[in-house]
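Copied from TrEMBL, the annotated features are:
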| type | residues | note |
| --- | --- | --- |
| BINDING | Asp33, Lys38, Thr89, Thr124, Glu153, Lys261, Arg326 | NAD(+) binding site |
| BINDING | Phe150, Leu151, Arg152, Glu153, Lys202, Phe247, Leu248, Gln249, Pro250, Gly251, Gly255, Lys319 | substrate binding site |
| ACT_SITE | Cys258 | active site, nucleophile |
| DOMAIN | 312-413 | domain 'UDP-glucose/GDP-mannose dehydrogenase C-terminal' |
Amino acid sequence: MFVRRVAVIGAGYVGLTSAACLASLGHQVVCADIDEKKVEQLRRAEVQIFEPGLPELVGEGIAAGRLEFVVGVRNAVRDAEVVFLCVPTPMGEGGAADLKAVEAAVAEMKDLLAPGTVVVNKSTVPVGTAARVLELLGRDDVFVASNPEFLREGSAVKDFMHPDRIVVGSDAQNAAERVSALYARLGAPTVLMDAASAELVKYSANCFLAMKLSYVNAMAELCERLGADIANVTEGMGFDQRIGQSFLQPGPGWGGSCLPKDTHALLQIAEAAGHDFELLTATINTNEKQSRLIIGKVANAVGGDLKGRKLGLLGLAFKAGTNDLRDSPALKIAKMLKAEGAELVAYDPAIPQAVEGVTGDVTVVDDVQQAAKDAEALVVLTEWPQFRSLDWAALAGTMAGQVVVDTRNLLDVDVLTRAGLTSHGVGR
Ligand SMILES: NC(=O)c1ccc[n+]([C@@H]2O[C@H](COP(=O)([O-])OP(=O)(O)OC[C@H]3O[C@@H](n4cnc5c(N)ncnc54)[C@H](O)[C@@H]3O)[C@@H](O)[C@H]2O)c1
Ligand SMILES: O=c1ccn([C@@H]2O[C@H](COP(=O)(O)OP(=O)(O)O[C@H]3O[C@H](CO)[C@@H](O)[C@H](O)[C@H]3O)[C@@H](O)[C@H]2O)c(=O)[nH]1
């Protein structure tokens, strides 16, 4: 079988998933992080992020002797034939991607790489980064490729092992082929291209998804004005295979660690290239408007003024199936409600306690009854499926008001009505 020695730099959602999955495909993987505590935990197969199947895969990789964790780039790259960069590229000044972690990792590895090594950008990076990394490496005996990752949080392992496609870009064709060969066992459609195009595919895909969601949220608002139901409209649209059924669910606005930063980054990329990307600007603005619309909905639900009103929030994570709070629409809405003077108690099944510096606008409780107690309204912000089967009659009994604002259109309206609750959804 085709086995490669692979180094993965960064043990986060993308790095750890890639490392564990590549090991399960038979490769020999060393995964490096700068966080010593994280490395210690991973050596014991303790995974702190919420990803189905990942702890098991990490344990299996370690037990099989195919997966190792080290502190620092230099301890991972010496013997590697392929080095994956999976470090953060957060939103930097003016919205552009901040490449400091990529640059730091490259600086640390440049003199240690064996001739012929392929350095692969798996982090989401602006067009031109492959060329920039090659320049920073300052060597003519190593290669650079771009291999954007499309996994979603909450289904990272499944998405990695069953990708819709694999994209590898390099200006050295042989390097792209060597990278794509690592995934051969997945049998996924594989597209090889130049590095700049591969870098742009990632932004283009994420921004398209964001645009789709902004479109749906804008359409939901129109439905409300016209007395139509967005669920019926999207169902009718989604059967058109050119549109598709997925990513049509209206909500409190899109968030998470990727779509917000990547939309801003692409806007910066376009601006720098002299292109006024109006469609993308509208996509971002529509998302901002969505949170304001939700605040208006909650205010209306409790009679207009939010000052001093006690609200129970259901959900804090940016979507169900994860405990990631980065750029969560729920937190953004909590901040806005707080600014209007509301008192907030929040329950999220994946976030049992307050997270320092992150959940400061709310009191975090670990059972739903506490969030409902004396609340004038409950606001559903994350689409956890278990919220559907809560004992709504019991919750209604402890609430001060009898209103639910369901920003995810998650709950069964008939169940709420039978429990004596008035519900307000989005787009219906
Ligand atoms: N989270 C996702 O769903 C997802 C999906 C596809 C692509 N991406 C992209 O992948 C990249 C990584 O995202 P993530 O969510 O995995 O980030 P993360 O924050 O979960 O993990 C990044 C890890 O890199 C480590 N790190 C930082 N600097 C380092 C260095 N110099 N050397 C070694 N380790 C270092 C951090 O300690 C952290 O453990 C970003 O560019 C992101 O846009 C993310
Ligand atoms: O019908 C939908 C689908 C999603 N969302 C929201 O959109 C945001 C993003 O959701 P999702 O795309 O599932 O989350 P991520 O895990 O951030 O994944 C996105 O970002 C990753 C990082 O770049 C990419 O790899 C993935 O392909 C891309 O889907 C979240 O706030 C969701 O609640 C909706 O409101 N309605």
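Just so you know, glycine gets a Cβ as well, placed from its N, Cα and C.
Put simply, of the binding-site residues Asp33, Lys38, Thr124, Arg326, the one whose Cα is nearest the Cα of Pro250 (substrate binding site) is Arg326. Counting only residues at least six positions away in the same chain, the Cβ atoms of Asp159, Pro163, Asp164, Arg165, Lys202, Ala205 sit under 8 Å from the Cβ of Phe150 (substrate binding site). With respect to ligand 2, the binding-site residues Lys38, Lys202, Gly255, Arg326 contribute Gly255 as residues with a C-beta closer than 6 angstroms to one of its atoms, given in sequence order. Of all residue pairs in Asp33, Lys38, Thr89, Thr124, Glu153, Lys261, Arg326, the annotated binders of NAD(+), the farthest apart have Cα atoms separated by 25 Å. According to DSSP, the domain 'UDP-glucose/GDP-mannose dehydrogenase C-terminal' (312-413) comprises 29 helix, 19 strand, 54 coil. Annotated pair Arg152 (substrate binding site) and Cys258 (active site, nucleophile), C-alpha to C-alpha distance, rounded: 9 Å. The subset of recorded positions (Leu248, Gly255, Cys258) lying with their Cα within 10 Å of the Cα of Lys38 (NAD(+) binding site) is empty, i.e. none. Cα-Cα distance from Thr124 (NAD(+) binding site) to Gly255 (substrate binding site): 16 Å (rounded to the nearest whole number).
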